[in-house]
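Student: From TrEMBL, for reference:
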- B:ASP77: active site (ACT_SITE)
- B:CYS80: active site, nucleophile (ACT_SITE)
- B:HIS272: active site (ACT_SITE)
- B:69-279: domain 'OTU' (DOMAIN)
- B:TYR232: site 'Interacts with free ubiquitin' (SITE)
- B:ASP234: site 'Interacts with free ubiquitin' (SITE)
- B:TYR268: site 'Interacts with free ubiquitin' (SITE)
- B:TYR273: site 'Interacts with free ubiquitin' (SITE)
Amino acid sequence: MSTSTPPQKTLSRIAANRLQKELSEWQINPPAGFRHRVTDNLQRWIIEVNGAPGTLYSSEQYQLQVDFPENYPMEAPQVIFIQQPPCHPHIYSNGHICLDILYDSWSPAMTVSSICISILSMLSSATQKARPPDNDRYVRNCRNGRSPKETRWWFHDDKV
Amino acid sequence: MNSEAGGGSEEDRPRDDEILAFHHAIRAADAEKLEFVGDKEPLSVLAMEYEAGNPVFRAKVENLSQTYSAIRRARGDGNCFFRSFMFSYLEHILETKDEAEVRRVEKNIEQSKKALIDLGYQEFTFEDFLSIFVEQLESVLPGRETSVDIDLLVEKCRDRYISDYVVMFFRFVTSAEIRRRAEFFEPFILGLSNMSVQQFCKASVEPMGEESDHVHITALSDALGVPIRVVYLDRSVGADGKNTDVNHHDFVPTEGSNVDIPPVVLLYRPGHYDILYTRTDEDLSHVGRHDKVTGRQLVKEDGNAAAQNVEELNYVQAEAT
């Protein structure tokens with residue numbers, strides 16, 4: 001499993017300030033079903049996800065890795081599943097997630113918390129556990145450890 | 001999973017990351033050619049641009065030069081409306097030294113802030129963007145330690161960090177205004193797309209690089225209380241098929257300030273906005289006066305706007321002569 005990151009510059013002052021504020025807000029009011037694993041690395045967050053009760057992923061646990069670019073939040077963070085990614089029609093076996101808000105539709109108005117809520121909602125609305133149809137080809141093309149932000153995504157319908 | 005399955009023909013095609021790197025290179029090359037906002041250029045550069053072009057465009061550019069003297073281009077990266085508005089408005093304050101206007105717009109910013117909070121935005125998500133814009137506003141007033149002149153204003157508006165943060169602040173303000181008055185905007189949004197008001201704001205207002213339409217302009221003008229004129233340079237001709245008058249539409253805020261010519265004048269060519277400079281009063285005295293077209297009726301398509309304005313302008317001109 002590749003957890004490599006793109007070559008990264010350290011956070012700008014404004015990005016670091018912003019992330020501190022997000023972290024404080026998270027500590028007071030974390031999104032339901034998520035737990036931020038405390039480290040001293042502001043630029044990489046590891047977040048535990050608990051599948052929502054009553055869904056296909058109920059009582060399963062997964063891990064998200066969130067890497068922030070130098071100019072966050074103008075630019076989207078890179079968000080992938082690490083360890084065993086959930087089996088889902090929009091999640092590739094290498095942990096990459098096909099979700100528009102992580103790429104083309106990212107807005108600086110979003111937060112880590114709002115990303116988490118979108119990902120949980122994507123998991124919860126799945127009707128079957130399956131990999132995307134193009135999983136093998138896609139994962140093979142990512143072997144050089146490239147970031148999902150370097151993929152030109154064609155977004156699946158948003159019902160799943 | 002079978003990640004080692006034999007390589008098919010897709011191996012011969014450029015990979016996504018290569019295609020994206022290529023796109024980025026093109027965009028970077030474009031960026032080097034044009035700043036976020038360019039230099040002020042005489043309007044004759046437009047005439048040169050259309051020298052060998054469509055005759056309707058040529059006639060319209062000729063007409064345009066009777067009312068407007070100069071153009072300042074904005075980079076075509078999907079944020080051109082907001083970047084043009086930013087520069088044009090700040091330059092207006094710089095020239096008029098209108099402190100009362102700054103205090104007035106700051107009150108509107110407070111209203112937008114309340115609207116955002118009422119809509120459920122957490123303050124930390126927009127406060128950095130807000131304060132960067134307020135800093136720019138204060139800097140164009142004279143007599144402060146941080147006061148700027150026109151050259152420094154140009155420099156700041158070309159700074160990626162400042163420009164992007166102000167654009168994003170305008171996107172917040174625009175989104176909040178649309179959502180706050182969802183009932184008013186809904187029919188126009190349905191005319192542009194199949195989205196709900198909230199989806200439209202998430203998909204077409206809040207992400208950077210999403211182009212602006214009448215809906216965005218109306219919302220920003222209303223929220224900040226700043227009238228905006230958009231001058232349309234397109235192929236449309238008047239009802240008689242010959243009229244090449246250049247049409248414009250004035251977006252006048254709900255709480256209407258009554259001005260002859262809005263402080264912000266933008267040139268719209270399909271898909272792009274630039275900044276226009278109006279001739280001074282002395283220059284104008286020999287040219288037929290264009291009256292104000294009310295901005296309250298929002299139009300769904302540029303074609304409609306143009307057609308409507310043709311009628312109104314014809315009427316106004318008939319009155320004037």
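Keep in mind that glycine also has a Cβ here, set from the backbone N, Cα and C atoms.
Unlike curated records, TrEMBL annotations are generated automatically.
What you are looking at is a predicted structure, and each value in this text was computed from that prediction instead of being measured.
Mind running through what each feature is packed against?
Tutor: Its Cβ taken as reference, B:ASP77 (active site) is surrounded by 16 other Cβ atoms within 10 Å in the chains shown.
Within its own chain, B:CYS80 (active site, nucleophile) has B:ALA74, B:GLU211, B:HIS272, B:TYR273, B:ASP274 as residues 6 or more apart in sequence whose C-beta sits under 8 angstroms from its own.
According to DSSP, B:HIS272 (active site) sits within a strand segment.
A strand conformation is recorded for B:TYR232 (site 'Interacts with free ubiquitin') in the three-state DSSP classification.
All protein chains shown were included, and the count of other CB atoms within 10 Å of the CB of B:ASP234 (site 'Interacts with free ubiquitin') stands at 18.
Counting every protein chain shown, the number of other Cβ atoms lying within 10 Å of the Cβ of B:TYR273 (site 'Interacts with free ubiquitin') is 25.
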Student: In terms of DSSP three-state secondary structure, what is the assignment for B:CYS80 (active site, nucleophile)?
Tutor: helix
Student: Where the distance is taken from Cα to Cα, which of the recorded sites B:TYR232, B:ASP234, B:TYR268 turns out closest to B:ASP77 (active site)?
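Tutor: Comparing Cα positions, the closest of these recorded sites turns out to be B:TYR268.
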Student: Whole-number answer please: how many Å between the C-alpha atoms of B:TYR268 (site 'Interacts with free ubiquitin') and B:TYR232 (site 'Interacts with free ubiquitin')?
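Tutor: Each residue's Cα considered, B:TYR268 (site 'Interacts with free ubiquitin') and B:TYR232 (site 'Interacts with free ubiquitin') end up 5 Å apart.
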Student: By a simple count, how many Cβ atoms lie within 10 Å of the Cβ of B:TYR268 (site 'Interacts with free ubiquitin'), its own Cβ left out?
Tutor: 25
Student: If you average pLDDT over the domain 'OTU' (B:69-279), what do you get?
Tutor: 94
